[in-house]
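**Student:** Supplied in structure tokens, the structure appears directly below.
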Amino acid sequence: MSRKQHHFKGAEVSCCVKYFLFGFNIIFWGVLSNISSITDLGGFDPVWLFIVVGGVMFILGFAGCIGALRENTLLLKFFSVFLGLIFFLELTAGILAFVFKDWIKDQLNFFINNNVKAYRDDIDLQNLIDFAQEYWSCCGAHGPNDWNMNIYFNCTDLNPSREKCGVPFSCCVKDPAEDVLNTQCGYDVRLQGELDQQRYIYTKGCVGQFEKWLQDNLIIVAGIFVGVALLQIFGICLAQNLVSDIRAVKANW
């Protein structure tokens with residue numbers, strides 16, 4: 001009886017912090033789910049990036065939720081360290097991206113050109129290029145002529161493809177009046193002059209369009225990164241607070 005009285009008069013695990021941390025993990029899990037839904041924009045085979053993000057999502061969600069509900073200090077510590085590591089990697093990536101922005105631009109150019117060459121060879125990469133060109137209203141890395149690097153679209157005399165001297169449909173300027181997508185709209189378009197091409201396809205490269213988009217949305221992009229960083233710091237603080245409460249309770253026993 002005296003032991004029970006001593007326990008109730010001593011430190012207790014905060015139910016508020018406990019279930020708040022559980023709710024935080026549900027929210028954070030949802031954030032990661034939204035991120036995983038756009039992982040087909042990665043720099044390599046999107047399937048692998050999806051697996052990595054999904055794995056991180058599962059590990060963080062499991063450690064945070066079970067650790068909070070079962071008051072397991074080991075899982076809570078793992079959750080804090082893992083979340084802290086992700087925060088550190090994000091911070092490092094942000095600094096390196098600012099310092100080596102020219103190198104990143106070159107890598108983006110290299111990445112797009114490689115995917116242009118591999119267009120039609122991998123359906124995931126094909127969808128990636130189509131999405132980028134449609135979203136940023138662009139064509140190729142620096143312009144439509146980059147599609148000469150692709151065996152189906154190049155203008156060489158030895159090319160038997162019907163798509164010779166053309167571009168993918170995602171390069172085409174969309175006609176609002178058209179309800180059905182015309183996948184042949186880019187056929188033979190590069191046989192025309194540059195001014196005539198502008199009537200039918202986007203003539204700006206995706207590297208330049210991406211830079212312009214980033215500059216126009218810099219505040220929004222920065223706000224998202226800051227918001228995610230604050231969310232991570234908040235989760236670490238919650239987990240550490242709950243660990244301290246659990247230790248205090250165990251010390252009284």
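The backbone N, Cα and C atoms fix where each Cβ goes, and this holds for glycine too.
From TrEMBL, for reference:
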DISULFID  C138-C171  disulfide bond
DISULFID  C139-C155  disulfide bond
TRANSMEM  16-35  transmembrane segment
TRANSMEM  47-69  transmembrane segment
TRANSMEM  81-100  transmembrane segment
TRANSMEM  218-243  transmembrane segment
**Student:** Which number gives the other C-beta atoms within 10 angstroms of the C-beta of C139 (disulfide bond), all protein chains shown included?
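**Tutor:** Taking all protein chains shown, C139 (disulfide bond) has 31 Cβ neighbours within 10 Å.
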**Student:** Take the C-alpha atoms of C138 (disulfide bond) and C155 (disulfide bond) and report the distance between them in angstrom, rounded.
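**Tutor:** With the alpha carbons as reference points, the distance is 20 Å.
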**Student:** Let me make sure I understand the structure: which of the disulfide-bonded residues listed (C138, C155, C171) has the fewest other Cβ atoms within 10 A of its Cβ?
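**Tutor:** Ranked by other Cβ atoms within 10 Å, the disulfide-bonded residues C138, C155, C171 bottom out at C155.
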**Student:** Could you tell me the C-alpha distance between C171 (disulfide bond) and C155 (disulfide bond) in angstrom, no decimals?
**Tutor:** 17
